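As structure tokens, the structure follows; a few thoughts come after it.
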């Protein structure tokens, strides 16, 4: 199989796994989302739907190009958090992300700090974009959570609240590059914070996700201060060429890396975290067995038990390890296996050559 066809097939698989729609037959209808209507955007700024509605935006529409740029940037950071901005517009109850660019920030394993040079870069980039005819404004920021899921920490909530106060519409996107490599599908979340004095209704979490034990407290304290948006993806008729150019970098990194080897520290941390959660679940089980059942305990019983959550986490670790092992087996078959026909041709003696000379 040709390398180009292998890369194209891998890109198509990536698009299918992440529910990125195929190009439509009518390019004009497909590219309509890219048309920027300044009057419509100015009208939204005048009406300010976010002033009276605690969640005016319920959907995030992200272009395939912006998604891949954010994933490549997040993967390049490894275990260090990275940060960037997103450009786009708003359409009804949706924030449309059309492009993204990285910021030169100082990152650690748990946070990112934007310095003065990052703000200068941000202003200069936006100015040059306008000069080039790209009229889209900044509509949000993205950053990575390497290995600990897509949610907003206390610092993230404060940052997002500040941005929503002065720069609406604004969206927060979180990508987990470590879990993306392990699972194959992009681990991503899009969020907006509620107004400061707003108390949201008590609703169950729509989708379960694994949170490390040392992050659960931070997650639990702030999880009612923001809400998640439904994410969909789109691409234009001209995106294919740009995606091909960007995919070459992503594809080479995918081929040359192994989730089993590259994520060893992450997997070891997950197993240690699982052991701590098992110990905690055992302690809670002992208390519930010998203690009095209070009303708060009965309410907790209606929720998923800690042991059931541990079972989910262990199943997820197992599935990711099997996925990594399968990818290694497939790569071994593709690049290291020798065909039987080649073996036979190399081991068989060459009968077509000249006969050896024998003295009479």
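From the backbone N, Cα and C atoms, a Cβ is placed for every residue, glycine too.
Computed from a predicted structure; not experimentally measured.
Swiss-Prot lists region 'Disordered' at one of the ranges 321-340, 341-360, namely 341-360. Swiss-Prot assigns the feature motif 'JAMM motif' to residues 143-156, out of the candidate ranges 115-128, 129-142, 143-156, 157-170. Within 8 Å of the centroid defined by the CB atoms of 143, 145, 156, the record's Zn(2+) site, lie the Cβ atoms of 81, 112, 144, 152, 153, 172, 174, excluding the listed residues themselves. Per-class residue totals from DSSP over the domain 'MPN' (60-197), listed helix then strand then coil: 50 helix, 45 strand, 43 coil.
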